[in-house]
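Straight from Swiss-Prot, the features:
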- 1-33: region 'Autoinhibitory segment' (REGION)
- 62-177: region 'cNMP-binding domain 1' (REGION)
- 117, 126, 127, 129, 136, 137: 3',5'-cyclic GMP 1 binding site (BINDING)
- 180-279: region 'cNMP-binding domain 2' (REGION)
- 299-402: region 'cNMP-binding domain 3' (REGION)
- 422-521: region 'cNMP-binding domain 4' (REGION)
- 477, 486, 487, 489, 496, 497: 3',5'-cyclic GMP 2 binding site (BINDING)
- 545-802: domain 'Protein kinase' (DOMAIN)
- 551, 552, 553, 554, 555, 556, 557, 558, 559, 574: ATP binding site (BINDING)
- 668: active site, proton acceptor (ACT_SITE)
- 803-856: domain 'AGC-kinase C-terminal' (DOMAIN)
- 837-856: region 'Disordered' (REGION)
């Protein structure tokens, strides 16, 4: 749809909200910190003090999810402050850093110099300061002599981090000790650790009862518990012991009663939550064993990961008793490969034992490679066992045919072309068509495959042999098996820049012609590839750029539309003020932004061409995106239809999935950070909040309305926070307003609504698939959030909301976008002269250069 065909729905709530700004990750030393130093007194906490502090913390928004031990630990970090009547504690409009609990006296609250209420013992104030260094909304003075307990934000959040890390590491060590989890991967064990729920039991309280059907595994973290069978005491369990592991695998009665001997704390994992996070545990365990065994096979390690997973899914799993002939040389017909999942089996050839296979071991490479060969071996169980059988039909279903060589050949071609930008984002259908179009040709030693100066029309991959690259009669380099050359000939009519000569007899190459390629790749995708390659080929110097317009403005500077005079290619130049970076302590973040942006290579993510710097600015030269912000587009479109929401959310999902695969969490997903290109497709921009994440992060960063609960709570988070933002965006697309805190500007109230508010939908939203997906994306527990299980983004893509959506056509730019701008649209459009004075003022500011940007 073109933008001149759209009549905005002016009364629609989505037109009403202002653009939202992100919170930056930094800590300032505030005036409040200095003030508190003058009122600090050392004092031990009495029992009644601990009671008062704990009661107040339990009512605190950020502390609402903490357990008793965590509350007690935080209480220990509270400091004692003394104030005289009339003393100011906090001042309206200034940045806050402390949270206070009144120990004695009265404290008066003023808003705009008007007294609005008086607080007394047990009351608390400054809660927002525990989350972020936001401005105080009121002034508070001591109405009488009084005392306060207080804690500084950095201390509070550092304590939360320490407690969370300690708890996670302890739970993870317990998980490692449970034998049923032995065959799980590190990622799977971490997911189970995150799913642990702490349960506390009083002395004499029954944890599990003999004969009851259970679905929970318990691991003792603290305390002791007694085991009884038929009312007879059997033994005492202590810290690190676990029980109920079979409840995760089987629906059977408990074999014993276990009663807490003293105050006891357990980490518990229930089967239902485990199924959400990981899937059926037994299936996952067997699948892991099969996948690992297949990866050890000389044959199967050459097929794709997807094909490996398909084989593991389609393998036939069977149970066998002890001393049973599982496979007999005279009776085997279709089985080609076996994997031992449980137990031991013995392998025979010509009635002679040739080895014993245990769990995780496999056999059958020779029969997979030559499927017409008659099975000569016999397999006999030595004990009760479970075996995975891969048959001819399994191989045919997963590999497309029974020819394993053809499948390996196909995968080699695919792995090669997927490394090249020109082919990387072809749809599966396009990729298959391209690979099927490859033909084989042979050359002898000295033959020219490509002649320098000739206009080419073929792309080559070396199947076997070697070639040398020669330019101006000078040998440049040698290429061998699986190397490629000539790919530019598929897009451009230009002379070959070098000759390629065979250095061996019987050189074998795969090739595809330009005419075939253009039948497969056409329209928007071809135009996109041409522009992308042209942009990347161009070498740009700062002195060659001519500023035409100012097209954007942000916290740290401006974005210019610039022209590269030698080539007439236009770019966007983001100019970042070093002064602003230093003032806001963003030195590390700007370096990280450069690193992440430079590595990104995805059609739905802004492409960085190169960076520059001088004494006052950093410069990011990127592709120019001319279609305006998604923020404005959804206001032109009004309420999005299902197909429109699918297009935009699907595009965002593909971009974020690319980042998560590289362990990058974006942390500021919102329509303001998404541009539309001239074809109407999305471009994710602004990586100022992004981070390479290993383990968990604790920084409060992002735009409040789009923040996931785990970011606010400060107990650690991972890439799951971006998936929460999917839910916020989808809600905004189809409902109009934001799901939480839509009418709020006060950050504490926004956070309160995110953590405790009810998710409701307007009456005009009736699409149940949309509603259900939003509910699952906006699940406050990350481990229960769709897209956060071991299946990852697959669960979202296969959700019923996307049932009629073609992901292949989206990636291949074959879908019609909801909005295509007929004219260039930018966030701002300012004449250069209007901003020259600002640049001059900045240029006259001295920067304390400590070489922190030496690698920029």
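Glycine is treated like the rest: Cβ placed from N, Cα and C.
Shown here: features listed in Swiss-Prot, placed on the structure.
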residue : record                          : Cβ neighbours (10 Å)
117     : 3',5'-cyclic GMP 1 binding site : 11
126     : 3',5'-cyclic GMP 1 binding site : 22
127     : 3',5'-cyclic GMP 1 binding site : 19
129     : 3',5'-cyclic GMP 1 binding site : 25
137     : 3',5'-cyclic GMP 1 binding site : 16
477     : 3',5'-cyclic GMP 2 binding site : 10
486     : 3',5'-cyclic GMP 2 binding site : 20
497     : 3',5'-cyclic GMP 2 binding site : 12
553     : ATP binding site                : 14
559     : ATP binding site                : 23
Residues near the residue listed as 'active site, proton acceptor' by Cβ (under 8 Å) yet at least 6 apart in sequence within the same chain, in sequence order, are 22, 686, 688, 689, 690, 701, 702, 703, 706
Smallest Cα-Cα separation from residue 126 (3',5'-cyclic GMP 1 binding site) among the binding-site residues 477, 489, 497, 555, 559 is shown by 555
For residue 129 (3',5'-cyclic GMP 1 binding site), the spatially nearest of the binding-site residues 496, 551, 559, using Cα atoms, is 559
Longest inter-residue Cα distance for the 3',5'-cyclic GMP 1 binders 117, 126, 127, 129, 136, 137, rounded to the nearest angstrom, is 20
The largest Cα to Cα distance in Å among the residues 477, 486, 487, 489, 496, 497, listed in the record as binding 3',5'-cyclic GMP 2, is 20
The correct three-state DSSP answer for residue 487 (3',5'-cyclic GMP 2 binding site) is helix
Residue 129 (3',5'-cyclic GMP 1 binding site), DSSP three-state class -> helix
Longest inter-residue Cα distance for the ATP binders 551, 552, 553, 554, 555, 556, 557, 558, 559, 574, rounded to the nearest angstrom, is 14
Reading the DSSP string in three states, the entry for residue 553 (ATP binding site) is strand
Cβ atoms other than its own within 10 Å of the Cβ of residue 489 (3',5'-cyclic GMP 2 binding site), all chains, total 22
Comparing the Cα of residue 557 (ATP binding site) with the Cα atoms of the binding-site residues 127, 487, 489, the shortest distance belongs to 127
Per DSSP (helix/strand/coil reduction), residue 497 (3',5'-cyclic GMP 2 binding site) sits in coil
Across the region 'cNMP-binding domain 2' (180-279), DSSP labelling yields 23 helix, 41 strand, 36 coil
Binding-site residues 127, 487, 497 vs residue 555 (ATP binding site), shortest C-alpha separation belongs to 127
Cβ contacts within 10 Å for residue 136 (3',5'-cyclic GMP 1 binding site), all chains included, total 20
DSSP puts the residues of the region 'cNMP-binding domain 1' (62-177) at 37 helix, 41 strand, 38 coil
